[in-house]
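S.K.: Quick one: the structure is below, questions incoming.
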């Protein structure tokens, strides 16, 4: 009878971990929405119509730049602070803090009637963004087990692109006030449901809260036997206490991360993934997709192009979540990296041939659109969702917050550099030439990833650290 009960228990759906992580990832819908929020907002703020423009008059070019720059600077400056808060107060509390910041910022912007009020709330928005980017991916990697960590990790990317698509859809026909409040809604829902989020057992053990840690692990492992839970808890406790005995958790300087072999490897691989992600050309595609569709003869508005791209990303990110535990992180990432490189190169060549009026290309002007779609599919299957959560798998748990913060800072600088440099370089050399050049850089980082990227599928976080310490 006891064996039968245990057998039934192992067949139960592990619903608590999914409720907990899905609630956490609601924040990524708001975060993703903010990534595309600026596009419809600028269009309306440049309007002379008082019905569309809540400020009453068109904003200046400087103000447009400030709308994009202020949250970025605020986010970059607060990453390290948020990493420290994550270690001090936990992932769950930092998520709540981020949700409150995002809700306050978005509600404030929705009702603002002055550009300087926008600036104030955009500063708060940046702090909220950094809180979410630090807490949610780490939380998902720490609470998941070996059988579902990849799937749960993909929630981060999937919910982000859902938010992007949401703003493209509602931003096209709703007022700034209404679609900004819609963007705030997922963060508000997270605040309401926050009590269902289960704190990371790893964090609780590191703070000496062993009873709470055991209860949290039991709640997160409903489909496991008591013996399996005890084995996992003992392994986590041994690992964390080993680090405490070495005073690793009390290091004051981020430089201590680079004194540990696993830390150095994790940082190198994470930064390589970030560079590979940005060098793939995703920023170029997002910026240049409108002209690509126009050159093909497709008369589609910029907002509708965004909806098409956003829908394709949602679909491919969802497929990646289904495949990641079957195929693994490494094969999907390598396939994605090489595919993006190949189709970015093909896109550049085809656009160049259209520009110089090569006769046979003129008959198949839709070819660049095909390459855009294939690029988006490849990106969504690996480079889009995987780097976001793999940081939480690679870094030692005591340096997970600070390591993730450093990588996110580098990633944001790279993304800003790509977005800033492409218009200048494309004007000087032409967009097709830039695409071919970026595809060459992407190929280089594909080779680096092929050599150094480990497979983490089916491994516990402790086993991953053992692998990186070799």
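Just so it is clear, glycine is given a Cβ too, placed from its N, Cα and C backbone atoms.
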S.K.: With TrEMBL as the source, identify the stretch among 94-112, 208-226 annotated transmembrane segment.
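M.R.: Result: 94-112 is the stretch TrEMBL calls transmembrane segment.
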S.K.: What stretch in 94-112, 118-139, 305-324, 331-354, 402-422 has the biggest tally of Cβ pairs under 8 Å against the transmembrane segment (21-39)?
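M.R.: It is 118-139 that shares the most Cβ pairs under 8 Å with the transmembrane segment (21-39).
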S.K.: Applying the under-8 angstroms CB criterion, which one of 94-112, 151-173, 305-324 scores highest with the transmembrane segment (179-205)?
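M.R.: Answer, by Cβ pair count: 94-112.
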S.K.: Can you name the far-off residues of the same chain, 6+ from the ends of the transmembrane segment (366-390), with a Cβ under 8 Å from a Cβ of it?
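M.R.: For the transmembrane segment (366-390), the list is 137, 140-141, 152-154, 156-158, 160-161, 270, 273-274, 276-277, 280-282, 285, 289, 292-293, 295-298, 309, 312-313, 315-317, 319-321, 323-324, 329, 332-337, 339-340, 343-344, 346-347, 350-351, 354, 456.
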S.K.: Quickly jot the same-chain residues contacting the transmembrane segment (59-82) by Cβ under 8 Å, restricted to those at least six beyond its ends, or write none.
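M.R.: Counting only partners 6 or more residues beyond its ends, the transmembrane segment (59-82) has Cβ contacts under 8 Å with 34, 38, 41-42, 45-46, 94, 115, 118-119, 122-127, 129-131, 133-135, 254, 401-402, 405-406, 408-409, 412-413, 416.
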S.K.: Can you find at least 3 Cβ pairs under 8 Å between the transmembrane segment (428-453) and the transmembrane segment (331-354), where each pair is 6 or more residues apart in sequence?
M.R.: yes
S.K.: Quick one: find which recorded stretch in 94-112, 305-324, 331-354 has the most Cβ pairs under 8 Å with the transmembrane segment (151-173).
M.R.: 305-324
